[in-house]
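**Q** Sharing a structure here in structure tokens format.
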């Protein structure tokens, strides 16, 4: 096992890297591709990110090939089929890597140690190695040959959305970075900008970040609000609805589709718009519930952040990798056996407003999780831009996966790294929230809250507090780059 790169830095260096996150002006991007045009680009791996980034890059006029394992080619596995069906040239690493100018490693995190060792031995002098997640560099601490430039382009969404937004002549917000230990030719940033442009990221906003900031914020977001809290909230809300006597198909429909419908409002107006979709009475109640949830969940969120920063989380997960994912598989089976996952498909139709009216608790969970994750990342030294993308921005995208095939789909789409952290969060949060669930009132979940007399002073205070939260301010700034973002008819 390598030596954790982040832990090798002194305190000052850690803060500098965590705080690295600057929005790049649109004028700095060009679709002429002065560096990458005509260059030989090889993507290693053809999963969701690999395929869809490659399609976008080819449509942008770049030369893209795929390097796969020999067994994958001989056995004609799904990765080979995806590449061939889309008319890409496919070969082994031994065949394609020695002549590549840019090698993009888009294999799963747990394979990086071996894959990167193979790539380094094959890459030509002064070539470029790219990643879309910095886990291997930061947490495992793998050393890369000094003549190789190491860069990262990390789209802030699943690979399918990278492609869909590109086809709409738009893109998805993207983080780019250059590994400070591997930029001897001082070309890393310009190459990363061209790669980000080739996949359409420049149309939605590109942030110049660091490997450390991307990894630490990404791990925190996916473990807590993005995956961990949605998974915990799904099981808790479904079980509560059943205990109240609701039909299982109504319960599963409200929860499974509710996350997607409710978080759709976040894309266009943040938490402010989400709360504005509630009646005044419901807004006051949701505000109280979300504050209660923040107090309960704060210690868990802080522990996850602390363990991510120290490397304790990654160390334990990598030990589980070496144990054939034993713990991950146990947790995975446990979630698959929950009543929420086992309920048959629901054919009930609910109108959009019913999800807000009957899912008040879900609104409260979302606000609590987004604000808490954002606040704790800021406390840790992470910049507001990074914290926003890893708390609020990606939430609707993860909710979309639950709407398709519940938690099974979410855990299938996200990385094993994200899934491990999500299950770890569930183990702590689920039992901790049991007492809270027993305090819920009629109208909090499954039933519409009856309107009551409103205190204008209280309502004004709540509206002002929500709108003035830092996540709302930075959200307004960053969403200006996403005015063309598509609206999903998700109910």
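Each Cβ is built from the backbone N, Cα and C atoms, and glycine gets one as well.
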**Q** For the Mg(2+) 2 site that Swiss-Prot assigns to 390, 394, which of the candidates 218, 239, 247 is also assigned?
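**A** Candidate listed by Swiss-Prot for the same site: 218.
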**Q** Give the distance between the Cα atoms of residue 159 (NADP(+) binding site) and residue 133 (active site), rounded to the nearest whole Å.
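**A** Rounded to the nearest whole number, the Cα-Cα distance is 13 Å.
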**Q** NADP(+) site residues 46, 47, 48, 49, 69, 77, 79, 109, 110, 111, 159: biggest Cα-Cα distance, Å?
**A** 21
**Q** Please name the residue among the recorded positions 69, 110, 133 whose C-beta has the most neighbouring C-beta atoms within 10 angstroms.
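**A** Buried the deepest by this measure is 133.
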**Q** If you draw a 10 Å sphere around the Cβ of residue 48 (NADP(+) binding site), how many other Cβ atoms fall inside it, taking every protein chain shown into account?
**A** 18
**Q** Please work out the mean pLDDT for the residues of the domain 'KARI N-terminal Rossmann' (18-209).
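**A** That region's mean pLDDT is 97.
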